[in-house]
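As recorded in Swiss-Prot, the features of this protein are as follows:
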TRANSMEM  6-26  transmembrane segment
TRANSMEM  40-60  transmembrane segment
TRANSMEM  69-89  transmembrane segment
TRANSMEM  106-125  transmembrane segment
TRANSMEM  129-151  transmembrane segment
TRANSMEM  207-227  transmembrane segment
TRANSMEM  239-259  transmembrane segment
TRANSMEM  276-296  transmembrane segment
TRANSMEM  337-357  transmembrane segment
TRANSMEM  380-400  transmembrane segment
TRANSMEM  417-437  transmembrane segment
TRANSMEM  464-484  transmembrane segment
Amino acid sequence: MIDKLSWIAVYPELVLLVMACLIALVDLGVKSPRRTLTYALTLLTLGAVAVMEASYALGGQTFYGFGNMVVVDPMGSWLKCFSSIALMITVVYGRPYAADRDMLRGGEFFTLSLFALLGMFVMISGHNFLVLYMGLELMTLCSYALVALRRDDAQATEAAMKYFVLGALASGFLLYGLSMLYGATGSLNINEVFNAIASRQVKHQVLVFGLVFIVAGLAFKLGAVPFHMWLPDVYQGAPTAVTLIIGGAPQLAAFAMTIRLLVEGLLPLAIDWQQMLALMAIGSLVIGNLAAVAQTNLKRMLAFSTISQMGFLLLGLLAGVVNGNQLHTESAYGAAMFYALTYVLTTLAAFGIILLLARAGHESEEITDLSGLNQRSPLYAGVMAMSMFSLAGLPPLVGFYAKLGVLQALISSGQTSYLVLAVFAVFMSLIGAFYYLRVIKVMYFDAPHSHNAQPISAPADAQIVLAINGALLLVLGIAPSSLMTLCAQSINSIVNSLGV
């Protein structure tokens, strides 16, 4: 018999599931091409689950359900809350774009987005290999369908096919690695796997063999080198509203899954996976920044930017354990979580501008499409400038403190190799600043092209959300301590559960 606590653990997921099905049914009777009722119900659902998750997080308790297959803890609850808010913002930005391209027909855009979020929730709360994998597959299958939503668009169809083939390969890697760990430890439960490895009664070679495949699968979901090949093509080929769905909230779910597997499950193997993360971080910083410099397509540039940002995120993850010492675990993983949250917030603002500048029959995807944006809309230009400055890591924007937190975690480790990595990361950030500042130069100093001279029109709700989104980049940069503390305390709950 399933106890009451188990049902409490999955209340938000049940609400999300029921509402996604209900919205699909309601949409059958909606005739409006802009799907106003479906849109309102989607926002209501996302707001409700965000409030539920925030209440769980503020409770500060950690408890398990369904035979330890699901965990509710502050880290997971906050990440699910922020994922819901991120998707809510995405839906607000994406609705005008999707309506102009007949993507709201049938209501699949909203329904698939909610089911993708359900998969993210399962990824974040899963404490069992099979549960994590099921959540991952639910999210990715919905993502494949969303990328291919414009069936008459050859570029989107090509992107969906690439995403599907490479995604299936990465899922196979991850599943094979998990099966190796199951064979070695005899358990699918993350806590039991941790205890089995810590007991040193399992062959190290078998564990490392499985670990390689797991890290490969996780790197694909994060978009880290050398498993980044899908990212630029999918970002560029997918409809921009879908690009933001893929590049926003799923990054938080991928971060949570990485913490669940590598920290909660495989922390005794830290010295092994840290070496892999270090190589991937270096590759991501180099390839991401150098490739972004050569791009003229804004979405493709932001895709390579994402790869470089994931390099910074990986640096935070590898700084948590130093020679088996977990003294800096909380600060390092807290800095990584803070980095993930601020990256998603900044990405939402940047892609929000691209979405709101697009109009029927025209995609504002080229950097030159932003020419003279300040003359047409100082608000849009200001938000985009803050996004670029934040991604570049310049004060007083929140991206500066995100990068600073990761660098402090590396330096405080006291390891020469980590200090070298910190210096290298700063150097690559200087290269990255070039292509971010190029966007600002185009907006403020170039004359608008003739096809960009039309006045910008966007729904009031989207403009309000955009203004708040941009303001948060500045406010959290001026006063980042509250969010930093929240991240550190969330990670502390994970560390305490491990007894390290």
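Quick reminder: no glycine exception, Cβ is built from N, Cα and C everywhere.
Quick caveat, the model's predicted, so the values are computed rather than measured.
Cβ atoms under 8 Å from those of the transmembrane segment (337-357) belong to residues 75, 79, 82, 86, 89-90, 93-94, 96-97, 240-241, 243-244, 247-249, 251-252, 255, 298-299, 302, 306, 309, 312-313, 316, 364-365, 369-370, 373, 380, 383-384, 386-388, 390-391, 398-399, 401-403, 405-406, 456, 458, 462-463, 465-466, 469-470, 472-473, 476, 480, 483-484, 487, 490-491 of the same chain, restricted to positions at least 6 beyond its ends. Outside the transmembrane segment (380-400), and at least 6 residues removed from its termini, the chain residues within Cβ reach (under 8 Å) are 305, 309, 342-343, 345-347, 349-350, 352-353, 356-357, 370, 373-374, 429, 432-433, 436-437, 439-440, 443-444, 456, 466-467, 469-470, 472-474, 476-478, 480. Here the transmembrane segment (239-259) has Cβ contacts under 8 Å with residues 75-76, 79, 82-84, 86-87, 89-90, 93-95, 97-98, 101, 103, 109, 113, 116-117, 119-121, 123-124, 126, 132, 135-136, 139, 143, 146-147, 149-150, 153, 156, 218, 221-222, 299, 302-303, 306, 313, 317, 333, 336-337, 340-341, 343-344, 347-348, 351-352, 354-355, 358, 363, 365, 494 of the same chain, all six or more residues outside its ends. Beyond the transmembrane segment (207-227), the same-chain residues lying 6 or more positions past its ends with a Cβ under 8 Å from any Cβ of the stretch are 136, 166-167, 170-171, 173-181, 184, 197, 250-251, 254-255, 257-258, 261-262, 266, 269, 272-273, 276-277, 280-281, 283-284, 286-288, 306-307, 310-311, 313-314.
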